[in-house]
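These features come from TrEMBL:
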- Gly164, Arg165, Ser166, Ile234: NADP(+) binding site (BINDING)
- 4-119: domain 'Tetrahydrofolate dehydrogenase/cyclohydrolase catalytic' (DOMAIN)
- 138-288: domain 'Tetrahydrofolate dehydrogenase/cyclohydrolase NAD(P)-binding' (DOMAIN)
Amino acid sequence: MILLDGKKVSNDIKNEIAEEVRKMKVQGEKVPHLAAIIVGNDGASLTYVASKVKACERVGFESTMVRMSNTTSEIELLDKIEELNQDDDIDGFIIQLPLPKQINTQKVLMAVDPDKDVDGFHPMNFGKMALDMSTFIPATPFGILELLDRYHVETKGKHTVVIGRSHIVGRPMSILMGRKGFPGNSTVTITHSHTKNITQITSQADIIISALGVPNFLKAEMVKDDVVIIDVGITRVVDETSPKGYVITGDVDFENVSKKASFITPVPGGVGPMTIAMLLKNTLLARELRH
Ligand code: GUN
């Protein structure tokens with residue numbers, strides 16, 4: 001079994017980006033600037049955004065965190081988005097999801113200038129991705145592709161089963177794995193809450209990408225020998241014995257599934273760190289496209 005070490009690969013990518021930034025500085029060019037809007041006080045979202053800001057510092061990007069209260073109206077958020085769209089200093093920005101109930105997420109994501117949409121969530125960018133056009137690929141799926149690429153995991157002709165159809169991970173991942181090229185050229189099955197007899201499907205999979213958010217859902221009996229496992233789950237499970245009072249738990253029963261797998265991502269330290277590295281990569285791309 002080979003561990004797909006997202007912590008190591010994301011560090012390599014950050015070093016590569018830091019080197020690009022260093023060259024920009026030497027040439028007197030403006031460094032990339034990422035902004036993140038966070039609405040409300042969700043603990044996990046605050047942690048993710050703080051990690052994104054820290055990663056910007058690490059590679060030499062400028063960053064701006066925009067905090068808005070839980071009672072922010074849709075209009076107020078749309079005004080802030082327009083301000084960032086118009087701000088020439090900002091190369092790319094994200095709106096951390098989920099948003100509070102009073103705000104229509106689709107409407108908000110459609111208000112982002114597609115050229116600054118480093119999350120790749122705007123319908124124009126999502127459509128371009130589906131049509132094999134060059135664009136911003138959502139950071140988590142992009143990170144998974146990068147992991148498969150850097151570990152030379154064969155995807156051509158393989159049966160890839162995606163668990164979950166979220167707009168952020170499952171849906172784009174199912175499109176990307178079936179695209180022409182590498183990583184891609186897989187035969188893809190997407191499963192979701194209405195899928196019947198999921199074990200029958202997962203047990204035929206060469207590659208399983210699980211983005212369900214149910215801790216330890218995928219058991220050893222559900223997979224075949226030599227399967228490739230990508231675990232996107234990051235659920236906080238209460239654990240009084242840990243210093244934070246919780247542990248981050250994946251969708252996969254790692255202890256038992258890893259004994260059958262050829263490649264597997266750990267949680268934490270697998271897909272999670274890759275997401276942040278690829279957001280930086282998209283921001284670098286946005287900066288290059290704008291200048
Ligand atoms: N919430 C969970 N994942 C993501 C992500 O990749 N981007 C944003 N903006 N919000 C998220």
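Cβ atoms here come from the backbone N, Cα and C positions, even for glycine.
Taken together, the residues in the domain 'Tetrahydrofolate dehydrogenase/cyclohydrolase NAD(P)-binding' (138-288) have a mean pLDDT of 98 on the 0 to 100 scale.
Binding residues for NADP(+) (Gly164, Arg165, Ser166, Ile234) extend across at most 16 Å, taking the greatest CA-CA distance.
All protein chains shown were included, and the count of other CB atoms within 10 Å of the CB of Ser166 (NADP(+) binding site) stands at 16. Cβ neighbour density within 10 Å is lowest for Arg165 among the binding-site residues Gly164, Arg165, Ile234. Counted with DSSP, the domain 'Tetrahydrofolate dehydrogenase/cyclohydrolase catalytic' (4-119) comes out as 60 helix, 19 strand, 37 coil.
According to DSSP, Ile234 (NADP(+) binding site) sits in a coil region rather than a helix or strand.
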